[in-house]
Amino acid sequence: MNLYKKYQGGLAVWLESSNHKDIGTLYFIFGLWSGMVGTSFSLLIRLELAKPGFFLSNGQLYNSVITAHAILMIFFMVMPTMIGGFGNWLLPLMLGAPDMSFPRLNNLSFWLLPTSMLLILDACFVDMGCGTSWTVYPPLSTMGHPGSSVDLAIFSLHAAGLSSILGGINFMCTTKNLRSSSISLEHMTLFVWTVFVTVFLLVLSLPVLAGAITMLLTDRNLNTSFFDPSTGGNPLIYQHLFWFFGHPEVYILILPAFGIVSQSTLYLTGKKEVFGALGMVYAILSIGLIGCVVWAHHMYTVGMDLDSRAYFSAATMVIAVPTGVKVFSWLATLFGMKMVFNPLLLWVLGFIFLFTLGGLTGVVLSNSSLDIILHDTYYVVSHFHYVLSLGAVFGIFTGVTLWWSFITGYVLDKLMMSAVFILLFIGVNLTFFPLHFAGLHGFPRKYLDYPDVYSVWNIIASYGSIISTAGLFLFIYVLLESFFSYRLVISDYYSNSSPEYCMSNYVFGHSYQSEIYFSTTSLKN
């Protein structure tokens, strides 16, 4: 059935809709658009670093491109797609709910995001741009940027943060209050668990960021001195406040991908539940809890005392335990399955392998003595891109491969989707693996020129980014081709216990008109 057959009411249907499926679709479209813009900025970065010398006119412009790339990818690509897109579409279906708890608030949450995106793009193009990186540290963001660019970036972060807080409250209330009475907490799917913990982290950490950037705004415009040491302030306070948000944000980005991969392993194997399902739930909760108390591992170089560094090193290493539980549970779930050619299997295995590799470099960086040496080098850049570019983004591709036919009623071309995986797998590895070695040799972040000794690693990385971009274009073609070829889903052979598949028609406005009861004997995950 055509997904858009019911959308005959023109633009007003999209602007005013309070239906969770319509809003989820809007989030997907917005996330795809933002991802393309963010990828364009990343390509500019790699073109600048492709060889020694200058491609962009100056370092301020280069740092503005870095800021735009980071904020676009984090706040406008990964979060809207993972939480807004997959969360809106699937959470009510998996809970047996007719819609989200606050449908109009859901609509507001989405429309705050395009506003926020316009503000951050404005910030990059006025007054020489916002060259502060996404961290917006003072005094670079105060005395170093006297123009209006940082003010626009702060308002952008406020709008995006408000969107996420309102959406988070909505998801929490939906999970608590609209869950079918037949679904107890232990019977919720792992995707619902990951979204629930994610939005809890959002509601906990985003007000802290809002406070920090509001103080920064008053420092810039109202002559306060929260972060100005010459008048009794302390810029270190800003770092603590920012990273109290910034580190949970990393888990906000990756946790929904964990849920998607868990659902994908069930789909691939046909098993009733993931291996160690209760252990997986506790691992999700542990990651969320520990992620809130390790923020200062981003700040080893600020001069913390030995006891603080010892604590934050140890606590950071502890996160590897629940993460390891999840990885081995996925592998144990996949164990014994019939190996058939399936692009979904490629994405799942690619995610597990590459996320694990990124996690290993994270264990290296958790050691404060090593991190002081490697801080602000490309080793750190490679680490968090392995976790995000090859973790969260591969999670998004996994989710699209898994649920595309469920959401749209059309089938993706398996061969071309496998080609997308191969291009992206080769491209992102070629981009970020060599940069580990550049970082170990001391190549610093946020510099637009470098000595010739680093040129080999950077040339390889730039070729990799071109391959990745080609993979993205092919992915967009695959999505369009599935519509144009009109390959409809005839029936889904999936006979597992995941609740969303009990829907006979995927495009009704409200899926459940009355309360639905699931059999808890079959609904084990």
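Cβ atoms here come from the backbone N, Cα and C positions, even for glycine.
Feature list (source: Swiss-Prot):
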type	residues	note
BINDING	Glu48, Gly53	Ca(2+) binding site
BINDING	His69, His385	Fe(II)-heme a binding site
BINDING	His247, His297, His298	Cu cation binding site
BINDING	Tyr251	O2 binding site
BINDING	His375, Asp376	Mg(2+) binding site
BINDING	His383	heme a3 binding site
TRANSMEM	25-45	transmembrane segment
TRANSMEM	71-91	transmembrane segment
TRANSMEM	108-128	transmembrane segment
TRANSMEM	152-172	transmembrane segment
TRANSMEM	190-210	transmembrane segment
TRANSMEM	241-261	transmembrane segment
TRANSMEM	274-294	transmembrane segment
TRANSMEM	317-337	transmembrane segment
TRANSMEM	344-364	transmembrane segment
TRANSMEM	387-407	transmembrane segment
TRANSMEM	420-440	transmembrane segment
TRANSMEM	459-479	transmembrane segment
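Everything Swiss-Prot records as a feature, shown here on the structure.
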residue: Glu48; record: Ca(2+) binding site; CB count, 10 Å: 22
residue: Gly53; record: Ca(2+) binding site; CB count, 10 Å: 10
residue: His69; record: Fe(II)-heme a binding site; CB count, 10 Å: 22
residue: His247; record: Cu cation binding site; CB count, 10 Å: 22
residue: Tyr251; record: O2 binding site; CB count, 10 Å: 21
residue: His297; record: Cu cation binding site; CB count, 10 Å: 22
residue: His298; record: Cu cation binding site; CB count, 10 Å: 21
residue: Asp376; record: Mg(2+) binding site; CB count, 10 Å: 13
residue: His383; record: heme a3 binding site; CB count, 10 Å: 24
residue: His385; record: Fe(II)-heme a binding site; CB count, 10 Å: 20
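Recorded stretches compared: 190-210, 274-294, 420-440, 459-479; the one with the most Cβ pairs under 8 Å to the transmembrane segment (25-45) is 459-479. The Cβ of His375 (Mg(2+) binding site) lies under 8 Å from the Cβ of Tyr300, Thr301, each of these being in the same chain and 6 or more residues away along the sequence. Here His69 (Fe(II)-heme a binding site) is positioned 14 angstrom away from Glu48 (Ca(2+) binding site), judged by their C-alpha atoms. For the pair formed by His297 (Cu cation binding site) and Tyr251 (O2 binding site), distance between Cα atoms is given as 15 Å, rounded to the nearest Å.
Each of 71-91, 108-128, 274-294, 317-337, 387-407 was scored by its Cβ pairs under 8 Å to the transmembrane segment (344-364), and the highest score goes to 387-407.
Contact between the transmembrane segment (274-294) and the transmembrane segment (190-210) is supported by 3 or more Cβ pairs under 8 Å, counting only residues 6 or more apart in sequence. Rounded to the nearest whole angstrom, the C-alpha distance between Asp376 (Mg(2+) binding site) and His385 (Fe(II)-heme a binding site) is 14.
Only pairs six or more apart in sequence are counted, and the transmembrane segment (241-261) with the transmembrane segment (152-172) gives fewer than three Cβ pairs under 8 Å, not enough to call it a contact. Taking the mean position of the Cβ atoms of His247, His297, His298 as the Cu cation site, the remaining residues of that chain whose Cβ falls within 8 Å of it are Trp243, Gly246, Val294, Trp295, Ala296, Met299, Phe312, Thr316.
Distance noted between the C-alpha atoms of His383 (heme a3 binding site) and His298 (Cu cation binding site) is 13 Å. Under the criterion of 3 or more C-beta pairs below 8 Å, with sequence separation of 6 or more, the transmembrane segment (71-91) and the transmembrane segment (152-172) qualify as touching. DSSP assigns His298 (Cu cation binding site) to a helix in the three-state reduction.
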